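Colleague: Please find one structure pasted underneath; my questions will follow.
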Amino acid sequence: SRHKKTLFSFKSIKSNTLNSFTVIVYNIDLCAVFQFVLLVFLITTKQREFQKTAKEIQAITQNWIRILNVKVGWIYDLDKIVTKYIKYFRFLGSFKGHTNIIKTVRFSKDNRKILSASYDKTIRIWDVASRNQIQIFNGHLNWVTTAEFSPDDNIIVSSSLDGTIRLWDVKSGKQIKKIEGHVNTVWSVHFSPDGKTVVSGSSDKTIRLWDVSSGKEIKRWKTTSTSITNVQFSSDGKMIISTSIYDKTIDLWDVTSGKRLKEFKGHNDSIMCARFSPNGHFIVSCSNDTTIRIWNVKTGKELRKLEGHSSVVSDVKYFPDGQTIVSSSYDGTIRLWDAKSGKEVQKLTRYSKKLTGIDIASDGSAIVACSSEQSIYIWR
């Protein structure tokens with residue numbers, strides 16, 4: 001049923017943590033109210049885990065109201081209650097073993113493992129539950145710049161300063177293929193959504209598409225950029241974005257025709273990376289200019305500029321639901337942003353001077369970051 005104006009009073013939901021709160025609701029579905037109350041009740045059970053500022057909690061509360069579509073007239077003392085008991089992400093621990101800068105980290109599809117690529121020339125797999133290293137892959141002759149799992153978690157692709165791309169079998173730990181063709185550092189590699197192809201970006205000014213089964217080059221894009229440092233497929237596999245660290249642009253390419261569809265300009269310094277939103281409608285990018293920017297793929301226009309980091313923003317990515325963006329920075333912080341408003345939602349810190357990369361679990365339940373201090377950090 002629906003009520004024009006109803007006064008709700010909830011008392012002693014949990015007497016030792018939540019005495020009461022009163023909500024005046026206008027034109028509200030009772031089911032949504034009870035969902036909201038249940039959410040607050042669950043939050044109170046987390047009371048010893050952390051504390052957040054009132055400003056952060058207000059933003060989070062408003063986000064809940066938006067998600068639940070609750071038209072609330074007044075919420076008495078809710079911000080104070082939630083400020084005391086709410087927690088988005090809690091630090092779980094760190095992974096140690098690398099002996100040089102860790103460049104990238106990636107979750108496996110089932111979120112049970114983490115893959116890391118390091119300047120110590122190794123690729124490592126870590127168990128999330130125990131935080132122990134369970135595999136190490138040796139073979140690259142120089143810094144490993146990127147490593148990621150295939151969509152089915154059975155293969156790893158990696159790139160390196162040695163100019164090669166390598167494919168590894170996860171189960172056996174052995175190298176399957178060494179793909180050669182680039183004549184300079186390969187900075188970035190990414191699997192297509194179906195896992196059949198890999199795209200790579202290099203300092204030799206080319207973007208190349210490779211067949212995973214044969215290791216042969218399928219297509220090549222020659223660019224005017226000085227060095228391609230980041231490449232990524234769209235979720236439907238039809239487009240690729242690339243960034244260059246020196247010319248401050250993001251390029252959008254059609255996979256089938258090989259044509260450049262758009263060029264995005266706006267950053268004032270080198271672009272570290274760019275990634276599609278889950279639905280492919282937007283691109284988020286980060287830069288040495290300390291900003292994060294959101295772009296409309298269809299129009300090519302900049303929609304929003306996110307500011308808050310005090311140093312280079314090293315990595316950025318959308319959450320699976322497309323509603324939140326997470327970023328890592330050389331200022332040692334991880335920040336969560338509301339994708340629609342561009343406002344900062346939460347800031348995570350972990351005694352690191354420089355965070356170099358980030359990833360999100362496929363269900364959005366955890367965040368992992370890597371650092372120049374040879375450590376990996378995880379929050380849940």
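Our numbering is plain: 1 for the first residue shown, then up by one each step along the chain.
Glycine is no exception: its Cβ is also placed from the backbone N, Cα and C atoms.
According to TrEMBL, the protein has these features:
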- 21-43: transmembrane segment (TRANSMEM)
- 95-136: repeat 'WD' (REPEAT)
- 137-178: repeat 'WD' (REPEAT)
- 179-220: repeat 'WD' (REPEAT)
- 221-263: repeat 'WD' (REPEAT)
- 264-305: repeat 'WD' (REPEAT)
- 306-347: repeat 'WD' (REPEAT)
- 348-380: repeat 'WD' (REPEAT)
Colleague: What mean pLDDT does the predicted model reach across the repeat 'WD' (221-263)?
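Modeller: Across the residues of the repeat 'WD' (221-263) the model's pLDDT averages 93 on the 0 to 100 scale.
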Colleague: Can the repeat 'WD' (348-380) be said to touch the repeat 'WD' (95-136) if we require at least 3 CB pairs below 8 Å and skip pairs under 6 apart in sequence?
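Modeller: Taking Cβ pairs at least 6 residues apart, the repeat 'WD' (95-136) and the repeat 'WD' (348-380) are in contact, with 3 or more under 8 Å.
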Colleague: In terms of Cβ proximity under 8 Å, which residues at least six beyond the ends of the repeat 'WD' (179-220) contact it?
Modeller: 145-146, 148-152, 155, 157-161, 163-167, 226-233, 235-237, 240, 242, 253, 255, 258
Colleague: For the repeat 'WD' (95-136), find every same-chain residue at least 6 residues outside the stretch whose CB is under 8 Å from a CB in it, and list them.
Modeller: 142-149, 151-153, 156, 158, 160, 168, 170, 173, 356-363, 365-366, 368-372, 374-378
Colleague: Counting by DSSP, what is the helix, strand and coil composition of the repeat 'WD' (179-220)?
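Modeller: Split by secondary structure, the repeat 'WD' (179-220) comes out as 0 helix, 23 strand, 19 coil.
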